[in-house]
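A.B. asks: Annotations per Swiss-Prot:
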type	residues	note
TRANSMEM	14-34	transmembrane segment
TRANSMEM	56-76	transmembrane segment
TRANSMEM	89-109	transmembrane segment
TRANSMEM	113-133	transmembrane segment
TRANSMEM	144-164	transmembrane segment
TRANSMEM	171-191	transmembrane segment
TRANSMEM	219-239	transmembrane segment
TRANSMEM	254-274	transmembrane segment
TRANSMEM	288-308	transmembrane segment
TRANSMEM	376-396	transmembrane segment
Amino acid sequence: MTSAPQSVNWKRNLFVTWLGCFLTGAAFSLIMPFLPLYVEELGVSGHQSLNMWSGLVFSITFLFSAIAAPFWGSLADRKGRKIMLLRSALGMGIVMVLMGMAQNIWQFLALRALLGLLGGFIPNANALIATQVPRNKSGWALGTLSTGGVSGALIGPLIGGLLADNYGLRPVFFITAAVLFACFVMTWFYVREQFAPVLKKDMLNGRQVFNSLKNPKLILSLFVTTMIIQIATGSIAPILTLYVRELAGDIHNLAFVSGMIASVPGVAALISAPRLGKLGDKIGPERILIAMLALSVLILIPMAFVQTPLQLGILRFLLGATDGALLPAVQTLLIYNCTNQVAGRIFSYNQSFRDVGNVSGPLLGAAVSASYGFRAVFCVTAVVVLFNALYSYWCLQRQPLKAQQRAIQQRQDS
């Protein structure tokens, strides 16, 4: 990978894209607290039907995002990443307005699918920063950038719930659209990119993209790692509140306690991601990745044996601290092992695997808990992460980019 052009102020771009990721993360999570209520308002009734439709409108966005991501990644490699940020923010803003005007569940489902097709602000922001930042600061920069989306996702549900209580459900969609339009304007004026458009006939096809990689098997293993990270995170989500109730018994503030336990991993990730990313720049992101995967296994197993919500909350905080380092480490390794020419597609493929994990994780958690109980979910998830840690270690041991070579490249880029 070549060093970033000197005329591009990557630090300013990092700040602006961090703010954009924060606004995008907040916009997406603003509507999450009342999504089932909006489904009910659109005419769906009955416990079983409400659960089914709520699950559909939630998962269809990730499904269509996984389908569309490679196309947008290819277009980003042809036209540039900034235009993809603008396209995503504007497109999602328009869809949010239409969601606020939906009259039935089928319209809403179609718009949720369209939201997935037009999304992609955060992965394109990752690709933009990864191709501009000096290599010896990649881990810190991508770790810092990841905190933007996490921060937005943490604060979004709180604000969304307050807005829905005070103004109703539909106005929240219009407020969300306004946030996304603000993100569009900010990106338009303040993000800078030097990019020479590539003719379609000069673009590498999918086979050529992988042939151009230093280690295609390593890249594929990193895609799988991204998917399993999301599976591990998502598998716990469907059972968390019920597991807290099993631990705490009948308490009057179950929703508050569950919400706190659901939020603490994000807080931990905010603290750990930049620091572990910076450490990865010194000792290598591959060491951070393997260490955090192994630590995740050691944290997941005790979760199956906790006796109180406090114990679960402490372990969830520790798990969040490890998770905060995983995706930035994967992204840093991706950019170490591909060129700027194909970075957009590599990051988009990674996003597709992430979306597959977002869909399959809750399904795995629900299936395991239905058959074997809540505690079994943590054991199964630990086994999945352990397999991934061993597989990743094997692939990283075979990669051609050794620490000495990386140190030389870092000195050249800095």
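For all residues, glycine too, the Cβ spot is worked out from N, Cα and C.
Source: prediction; values computed, not measured.
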A.B. asks: Any chance the transmembrane segment (288-308) and the transmembrane segment (254-274) are in contact, meaning at least three CB pairs closer than 8 A with a sequence separation of 6+?
C.D. replies: no
A.B. asks: Counting only pairs at least 6 apart in sequence, do the transmembrane segment (89-109) and the transmembrane segment (56-76) share 3+ Cβ pairs under 8 Å?
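C.D. replies: They do touch: at least three Cβ pairs between the two stretches lie under 8 Å.
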A.B. asks: Is the transmembrane segment (219-239) close to the transmembrane segment (171-191), in the sense of at least 3 CB pairs under 8 angstroms with a sequence gap of 6 or more?
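C.D. replies: Contact between the transmembrane segment (171-191) and the transmembrane segment (219-239): absent.
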A.B. asks: For the transmembrane segment (144-164), could you work out the same-chain residues 6 or more beyond its ends whose Cβ comes under 8 Å from its Cβ atoms?
C.D. replies: 14, 17-34, 37, 122, 125-126, 129, 171-172, 175, 259, 263, 266-267, 269-270, 273-274, 277, 324, 327-328
A.B. asks: Checking distant contacts: for the transmembrane segment (14-34), what same-chain residues at least six beyond its ends satisfy Cβ-Cβ under 8 A?
C.D. replies: 85, 88-89, 92, 96, 99, 121-122, 125, 128-129, 133, 141, 144-145, 147-157, 159-161, 163-164, 169, 172-173, 175-176, 179-180, 182-183, 186-187, 190-191
